[in-house]
Every structure is written in C-alpha cells, then in structure tokens.
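Colleague: The following block contains the structure, expressed as structure tokens.
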Amino acid sequence: MYVIESKGGTITCMLLALLFLGTWPAIMTLTERRGRLPQHTYLDYTLTNLLAAVIIAFTLGEISPSRPNFTTQLSQDNWPSVMFAMAGGIFLSLGTLATQYAWAFVGLSVTEVITASIAVVIGTTLNYFLDDRINRAEVLFPGVACFLIAVCFGSAVHKSNAADNKSKLQGFKSLETTSSFQMETSSIKEGKAKVGTADFLIEVEKQRAIKVFGKSTIIGLAITFFAVPKLNVYTAFFYFSISSFGVGLILNIIFLYWPILGLPRSSFKAYLNDWNGRGWSFLAGFLCGFGNGLQFMGGQAAGYAAAGAVQIENKHFGGYCCLENTKDHQEKHIHFLSVCYLCS
C-alpha cells in the first residue's frame, strides 16, 4: 500500500480533499434546483462514490511494497475492525442523505455551516483522544470553539434568509407542485427574473424538485442537525464506502416508490430513463469519493483530528458557488463573512 510520509504529500492530499469535498454539495444542489428528483441524483452519486473507493483501493492500496496490501487484508480475520469501518459508512450515508433534503429547506450555505461545524466539533474532539493526542490541544481546541460560534452565526443567517423571503413573497399564493418531468418541458426561461427578487424565488420553486414553499423551515434545520457524521487506510475506506453505498441504495430505492416531503412518486425504470443531470450526479459522487479517500490518507499522516478540519471548505464553496441569496442584504453578508473568518 502507498503510505504518505512527507509533509508536502500530506498538504497536497488535504488541499485536494478541500477542493473535492467543497465542490460536490454545490453540484448536488444544482441538479435539484433544475428539477431532478433527489432519489435519482443520490442513486447516481452513490454508484460513482463507491467506484472511486474501489479505484483507490486497487491502485494506491496495491502499488507499494509496504504491507499489508489491500487484497491481502480482504482475506484476513479482521471483522471487528471491518464492523467499525462499516458503521462509519452507515452514519455517513444517513448524514449525506439528510443534508440533501436540508439543502432545499435551509439553503446550501447555512446547511454546510451548521453540519460541517458540528461534524468538526464532535469529530475533532473524538479523534484527538483516539489519535493518542498527537495534535497540540492549545491549537486544536480554540479552533473547535470557533466552530461552535459558527453554528450560532449559521442560525442567524438562516433567520435572516427566512425573514427576507417571507417579506418578498407576501401577497403571492402557494405554488402548485410539479414533477421533475413537467419541469423539463416547462416554458420558464432562465435568467428572466432578477436574482433575489420574489419572481426569482418563484421561478426557482417551480423548477426545483423539492417544493419548500408553505413548509416550515424548522424541518430543514432538524434534518441539518441530524446530519452530523486494525485495518490499513485503504481497506478501512473500502469497507466504509461499501456500507455507505448499501444504505444509500436501499433507502433511495424505497424513496422512489414511497417518497417523503411531498415529492412525486417515481420508479426504478423512470430512474434509469432519467438522464437529465446524470453527468453532474456522477461527477458529485466521484468528487465526494476521492475527497473522502484523500482525507483518509491525509489523516493517516497528519492525524485524523487535523484532517477533520477539511469540512470548512464546504462553507466557502456553498456560499460563493451557489450564491443563493446571501448577497441580497448587508446583514446576511456580514453574517456569512463572519462564519468564513471564524472557520478559516
């Protein structure tokens, strides 16, 4: 297996993980806002996410003479460690599935601020002790405190967004829900309404797959808080991804026939025939898979408490790639910039 031993290699892994893990949520949100059912998107995502883990395991896990290699460990009696790795994958899959719906209700930037901050607070604290305290506590834990403050700022941004949208939409009646297929044939023209106006919000609502008007945003915040997630690194990541794939596959096939949150019913045949946004969904899965793999590798070299901090990039990408409505009001701009400053 390939083992990273240099500081430069560790930094490279961290930077690539930052880029990949910060990009895929924006891509997933893009497909939902274009009307693709989240069940279809997640099924595509989970396939390429697993494929990325397989590629990493059979390449980086085999190319070096260092032992034990990936294939060697597949036949070893290490089931206690395997079960721990698979448990982590299950929690990751449930968390990712929850955040996919939270993005629609709360917004990408707010969701990522809260989920990533909670994940870093819990994960970094646990990993510090599990790593035999190899990281400096006087540096690590002040950063953890900043993430706790970021949760408060994220809630403030959410409150500002909700009040702003409510004032803009006064006088408009509730919108009728439409299916993903209907949105593909809709006559709505992109860019017709000015970003941030009531007309723009209505256009987005008509086109998106998850309808949020008339529903309490407390649902989204509740989903957001729920979302918080002796083998070699490649074998552990492989089993981690296998369990994540299994849970995501089973739950989303169930959601095809028994959808939640008022989504239209679909079928496995409809999923196979739905090529609208499939390429983006595949790309999101690859980015997340390789990002997680690089985070595992960087964590092996620098300590998993330090590697857990790569979650902060999700905030920057969530706010600036998706734009959402944070630029509409100076108050929201100040809140968001404060969050980014605290978490950098």
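Residue positions begin at 1 at the first shown residue.
Cβ atoms here come from the backbone N, Cα and C positions, even for glycine.
Reproduced below are the annotations present in Swiss-Prot:
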type	residues	note
BINDING	Ala209, Ile210, Lys211, Val212, Phe213, Gly214, Lys215, Ser216	ATP binding site
TOPO_DOM	1-10	topological domain 'Extracellular'
TOPO_DOM	32-42	topological domain 'Cytoplasmic'
TOPO_DOM	64-78	topological domain 'Extracellular'
TOPO_DOM	123-136	topological domain 'Extracellular'
TOPO_DOM	158-208	topological domain 'Cytoplasmic'
TOPO_DOM	230-235	topological domain 'Extracellular'
TOPO_DOM	257-278	topological domain 'Cytoplasmic'
TOPO_DOM	300-344	topological domain 'Extracellular'
TRANSMEM	11-31	transmembrane segment
TRANSMEM	43-63	transmembrane segment
TRANSMEM	79-99	transmembrane segment
TRANSMEM	102-122	transmembrane segment
TRANSMEM	137-157	transmembrane segment
TRANSMEM	209-229	transmembrane segment
TRANSMEM	236-256	transmembrane segment
TRANSMEM	279-299	transmembrane segment
Colleague: Between the transmembrane segment (279-299) and the transmembrane segment (102-122), are there three or more CB pairs that fall under 8 A, provided the residues in each pair are separated by 6 or more in sequence?
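Modeller: These two segments do not touch.
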Colleague: For the topological domain 'Extracellular' (230-235), what is the mean per-residue pLDDT, to the nearest integer?
Modeller: 67
Colleague: Which of 43-63, 79-99, 279-299 has the most Cβ pairs closer than 8 Å to the transmembrane segment (236-256)?
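Modeller: Stretch with maximum Cβ contacts: 79-99.
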Colleague: Tally of helix, strand and coil residues over the topological domain 'Cytoplasmic' (257-278) according to DSSP?
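Modeller: Helix (H, G, I), strand (E, B), coil: 8 helix, 0 strand, 14 coil.
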Colleague: Under the DSSP assignment, what numbers of helix, strand and coil residues are found in the topological domain 'Cytoplasmic' (32-42)?
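Modeller: Per DSSP, the residues of the topological domain 'Cytoplasmic' (32-42) fall into 7 helix, 0 strand, 4 coil.
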